[in-house]
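Structure record follows, encoded as structure tokens.
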Amino acid sequence: MQTESVIEKIVRAFDRMSGQLQTAARYILESPHEVALLSMREQARQAGVQPATMTRLAKHLGFSGYDDIRRFYADAMRNDATGFAGRVDAQARNQKLKGDLALAADMLDGAARQMAALGQSAELARMLEAVDRICDASRIYCLGLRSSYPVAWYLHYKLSLAGKEAIMLYAIAGIGADVLGHATADDTLVAVSVAPYTRQTVETADYARSCGVPVIAITDSPVSPLAQLATTALIVPTDSPSFLHTLTPAFIVAEILGALVAGRNSETSGQALTRMDRQSAALNTHLTPRHPPGRSTDNKNERP
């Protein structure tokens with residue numbers, strides 16, 4: 001059995017677990033190295049539960065004991081180098097064996113499968129739920145750090161173009177949670193983070209929730225720390241043959257959210273985009289083609 005099978009078992013059973021079992025299960029998902037290398041007692045100490053809880057969790061998942069789970073993770077570490085440095089070594093070996101074109105094709109095939117998975121009815125229903133919240137919100141705070149920053153920024157930019165009051169956290173001088181001092185239950189925070197989860201993102205989302213602000217999470221697991229804080233969790237796959245997780249599905253989700261919000265508020269969006277077009281023209285923001293599309297450039301007598 002592969003480690004993915006252990007993860008799938010945990011995800012399927014997570015909602016039916018007691019609070020202590022959920023704490024232990026979350027530790028396993030978030031600490032694969034520790035699961036493989038540390039004793040069960042030390043893992044229980046780090047997770048904040050009794051050692052017996054780890055054993056109960058293993059049996060709850062259908063294993064004979066916790067050593068079975070540790071063995072699966074240890075095997076995974078032997079068979080698949082972990083961490084970004086280890087992953088780039090694995091990618092390099094695969095790339096050398098199969099060739100550049102094969103790796104590129106694998107990445108494209110994987111992205112296509114992930115896009116198709118996002119089109120399933122359950123995923124679309126959660127996206128529509130998120131759109132409802134964004135449309136109803138007075139302000140939308142967008143949060144994503146490290147590799148997740150571009151996804152959050154793109155959503156912030158698209159919502160701003162559509163006329164929504166979108167605020168990007170940690171965009172200037174590291175100011176983040178301070179801005180949430182003005183947030184209310186009428187607002188919404190959209191937070192983006194995938195494994196390895198950025199502590200500041202999770203802690204800021206937790207703070208927002210404590211202030212009564214609804215949280216929409218774009219994350220990679222239904223039991224990720226961010227998903228557990230969320231009012232609505234949008235789960236995106238991140239597996240990739242590359243050394244770095246893919247964020248293509250997360251970008252697609254952000255694109256869909258922005259488009260649907262704009263369509264729902266077409267009058268406001270139209271007015272906001274008209275103002276933007278006028279401003280862009282006044283500031284000469286965009287390059288204009290030397291020859292307008294459709295006009296021939298073969299006429300030597302044409303004035304430049």
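Placement of Cβ uses the backbone N, Cα and C atoms for every residue, glycine included.
Annotated features in TrEMBL:
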type   : residues : note
DOMAIN : 4-80     : domain 'HTH rpiR-type'
DOMAIN : 130-267  : domain 'SIS'
REGION : 282-304  : region 'Disordered'
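Per-residue pLDDT, averaged along the domain 'SIS' (130-267), amounts to 90 for this model. Mapped onto DSSP helix, strand and coil, the domain 'SIS' (130-267) counts 65 helix, 22 strand, 51 coil. Broken down with DSSP, the domain 'HTH rpiR-type' (4-80) shows 63 helix, 0 strand, 14 coil.
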